[in-house]
Amino acid sequence: MQTTLTDRRSFLKKMAMASAIAAAASMFPGIMFAAEQEKGIPKNANLDWKKGPCRFCGVGCGVLVGTENGKAVAVKGDPNSPVNKGLCCVKGYHSIMALYGKDRLTHPLVKKNGRYVKTSMDEALDLIASKMKETIAEHGKDAVSIYGSGQWTIPDGYAASKLFKGCIGTNNVEANARLCMASAVTGFLTSFGLDEPMGCYEDIDHADVFVLWGNNMAEMHPVLFSRLLDQRLKRGVKIIDFATRTTRTSTAADKSILFLPQTDLAVANAICYEIIKNGWVNNSFVEKHCSFSKGLTNMGYGLEDNYTFTDKPEKISFEDYKTFLEDYTPEKVSKLSGVSVRDIKYMASYYGDPNKKVMSLWCMGMNQHTRGTWINNLVYNIHLLTGKISQPGNSPFSLTGQPSACGTVREVGTLTHKLPHGVVMNKEHREFAAKIWGVPAENIPSKPTYHTVEMFRALDRGDIRFMWIQVTNPMVTMPKLKRYRDGAKKEGRFIVVSDVYPTPTTDIADVILPSAMWIEREGMYGNSERRTQYFEQMVDPPGEAISDTWQLIEVAKRLGYEKQFPYKEETHIEEIYTEYRKHHDNIKHNMAPLEVLKSQSGAIWPYVDGKSTKWRFNAKYDPACSNGEDFHFYGKPDGKAIIWQRPYEPAAEEPDNEYPYWLNTGRVVEHWHTGSMTRRIPVLHQAMPHAYVELHPDDAERMQIKTGDAVRLTTRRGEITLPASINERGVPAPMQVFVPFFDENILINDITLDSFCPISKEPDYKKCAVRVEKA
Ligand SMILES: Nc1nc2c(c(=O)[nH]1)N[C@H]1C(S)=C(S)[C@@H](COP(=O)(O)OP(=O)(O)OC[C@H]3O[C@@H](n4cnc5c(=O)[nH]c(N)nc54)[C@H](O)[C@@H]3O)O[C@H]1N2
Ligand SMILES: Nc1nc2c(c(=O)[nH]1)N[C@H]1C(S)=C(S)[C@@H](COP(=O)(O)OP(=O)(O)OC[C@H]3O[C@@H](n4cnc5c(=O)[nH]c(N)nc54)[C@H](O)[C@@H]3O)O[C@H]1N2
Ligand code: SF4
Ligand SMILES: [Mo]
């Protein structure tokens, strides 16, 4: 049966039978239809509907929220949103319930003699400001830090960066997106010189083949995945799931190809080898628009404190690159990766076919990787060699996870080395930011300090003494968690946590600030396709809760920065956004004015002459192209994208006799990360009540383990015990296990490894060695 997302209603009418929704739901895993949802919308309700982006993932679906008597009571997909065209997934439809958990934090709590005591917001903010002053006086500026989030709104991140980098004068600003998107960023910067995808979601409507490089899209980007499935119904496109584990995405795909962890590096090189060997290179594109480079190898894994790495890129020739690829014949790579020669050639043939448009999609499989920057480069290589880039349907597309990982962390620049425009290492960039911030340029230090893992190491060592944590739950999500939890709890550390519920992170706080959440305040998020979306305040926050932005502003004023933070309570979001736009006031990055964001479902940047730029670097669509050619990779001084020579190197810790399995971790569709919100939504919690370990059925049989049996996992960091899951949600490959991290009672990160990509500093949560035993 044919269906489109836009005429979903008539499709549903046509189906008009009880089983229809069940059938559709199995075609669109994780997706719910409005009809199903509407059963829950109160009849005769006189609802006030307002639009905004969904609270949860980086897809950035447009939702309509219905409020009544000051409460959010209904959600539906916004049919006018080009992102989701009226659809939502289970999390989107239940998002408003996340506001109303029974144990919402409503008042500031201050730890006194080991107990939390209620205080007024004013007192709590006074205490935070005085502690910051005290710490700076005693230990210096670099002893205070802020750790934020890709779930920060744009104004939250902007206020944090301005306060810490511009006013206080420390680069101790990081965000959880380091754990998530950092390799995507360094991948973009090394290959193209500019961050974020060149294409947009419309690529899905044009591509013939989709290759997912270790992205469980059916569960993690469900509505976007439904757009792929919809295209398959309409146009017969092919979906290839290239992954280490069989998931719902694999079963929905046309072809599932499994590879051994880390060997994607080798397979990507083998695909390039095949493309060259078969004469599928787009020679004129490569000659005009690409150059070749190599960097240092054997970079290490960042396992020691203060580990640094600086790459030394070197130009090479196409011939050098071809010689390098001789090591990556499909035959050789097949042995290493477990992928058959036939399947390697199969993937290469789609990339090589000039008549097929190919979209590659990825997320944490490629980013949480000790060679995360490299594997991002390698997938770009495939698209560059074949010239399949920056055109509708030909698109290497790095997906983001959080609702504003792009908007806030990457665009506002809430990472230690970043500024909204440019980097702290560059004098002109510092001067430019300082001017807009109204601070002396000398205030902004020219050296980055700590990336996330190193920031928590510094807290453990005592180099950092004060940390403010907003919209993130690191005491569940840091790798090798025990070290960082013990470190944060040491004497002489002062931790402020802004959250909406009690979590393992609020457990270690000296001050807990209750935050106004999502539609309880006004803000903007930026999604995976460079789309900035605005939402207004729709309901009041509970108790004394105020937004993270306003918390920062109040503390900034108490620290004496009234001049830099002159914003008025009623208009501060608009004032901040208007100020923020000045940082990006150029044809390569213009952000749309607020009126535009308010009047439509957001806008894609660069927003130039009243128009979104949908495909960057392509002169047909992108007014910033200026070399007179069809394509212009203007992020690089010579206008050329770089094809990188990057070898396969093993993971930081591989299975051995003592720890014979691979441990992989990740997510499930029902829960958002640490479950702090989704576990308070009864339907989602009941659907997925606790964490488990997935085993391959052969391994389970050998160890006589059945679903529900207790299993002990032991790594070099410690052990945990949890129930087994066999042939349920996902199926790992033999000698591999998988554990989701949403359950704060089963802290899988207590046993993960804190190795990271030395270029991006993003940890590899997908690979370490583990022993598996029946408990
Ligand atoms: N329901 C729900 N949706 C979410 C989230 C959530 O918590 N819940 N979180 C959001 C966020 S922040 C993120 S970052 C995304 C994450 O989205 P995904 O990256 O899709 O999800 P994960 O479960 O983290 O990772 C799963 C994938 O890692 C791959 N993998 C493992 N090892 C390797 C390897 O060596 N190489 C490669 N290439 N792949 C490998 C596996 O094949 C698997 O497909 O989801 C977003 N969407
Ligand atoms: N083992 C393992 N660990 C991982 C990963 C993995 O794949 N495996 N993935 C990593 C990745 S990609 C990511 S993105 C991180 C995510 O890691 P985290 O960001 O630590 O996880 P969240 O649960 O999203 O934390 C968000 C917190 O903000 C709170 N909150 C919600 N709304 C608001 C608000 O408006 N204001 C404030 N102040 N608080 C609010 C929530 O209650 C919650 O406690 O986890 C990383 N950790
Ligand atoms: S796909 Fe993501 S953005 Fe869309 S409704 Fe689901 S959680 Fe929200
Ligand atoms: Mo993420």
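Cβ coordinates are placed from backbone N, Cα and C, and glycine is handled just like the others.
TrEMBL labels come from automatic prediction, so no person has curated them.
Worth saying up front: this structure is predicted, and the values here are computed from it rather than measured.
Residues or ranges marked as signal peptide by TrEMBL: 1-34. Annotated domain '4Fe-4S Mo/W bis-MGD-type' per TrEMBL: 47-103, in sequence order. Sequence annotations record features per position, and here TrEMBL assigns [4Fe-4S] cluster binding site to Cys54, Cys57, Cys61, Cys89. Here TrEMBL flags Lys91, Gln151, Asn176, Cys180, 262-264, Met364, Gln368, Asn473, 498-499, Asp548, 665-674, Asn749, Lys766 as Mo-bis(molybdopterin guanine dinucleotide) binding site.
Note: the Cα of Gln262 (Mo-bis(molybdopterin guanine dinucleotide) binding site) and the Cα of Cys89 ([4Fe-4S] cluster binding site) are spaced 31 Å from each other. Across the domain '4Fe-4S Mo/W bis-MGD-type' (47-103), DSSP helix (H, G, I), strand (E, B) and coil residues number 10 helix, 22 strand, 25 coil. Cβ environment of Lys766 (Mo-bis(molybdopterin guanine dinucleotide) binding site): Thr244, Pro261, Met364, Gly365, Gln368, His369, Asn664, Thr665, Gly666 lie under 8 Å away, each six or more residues apart in the same chain. Taking every protein chain shown into account, Cys54, Cys61, Val668 are the binding-site residues, and of these the Cβ with the most other Cβ atoms within 10 Å belongs to Cys54. Per Cα geometry, Cys57 is the residue among the binding-site residues Cys54, Cys57, Cys61 nearest to Val668 (Mo-bis(molybdopterin guanine dinucleotide) binding site). The distance from the Cα of Cys54 ([4Fe-4S] cluster binding site) to the Cα of Trp672 (Mo-bis(molybdopterin guanine dinucleotide) binding site) comes to 13 Å. Between the C-alpha atoms of Cys61 ([4Fe-4S] cluster binding site) and Trp672 (Mo-bis(molybdopterin guanine dinucleotide) binding site), the distance comes to 15 Å. Reported as a whole number, the C-alpha separation between Cys89 ([4Fe-4S] cluster binding site) and Trp672 (Mo-bis(molybdopterin guanine dinucleotide) binding site) equals 12 Å. Confidence in the domain '4Fe-4S Mo/W bis-MGD-type' (47-103), given as mean pLDDT, stands at 97. Proximity to ligand 2 at the level of Cβ atoms, with a cut-off under 6 angstroms, picks out Asp548 from the binding-site residues Cys54, Lys91, Asp548. Rounded to a whole number, the C-alpha distance linking Asp548 (Mo-bis(molybdopterin guanine dinucleotide) binding site) with Cys57 ([4Fe-4S] cluster binding site) is 19 angstrom.
Screening the binding-site residues Gln262, Gln368, Val668, Trp672 for a C-beta under 6 A from any atom of ligand 3 leaves none. For the binding-site residues Cys57, Cys89, the largest tally of other C-beta atoms within 10 A is found at Cys89.
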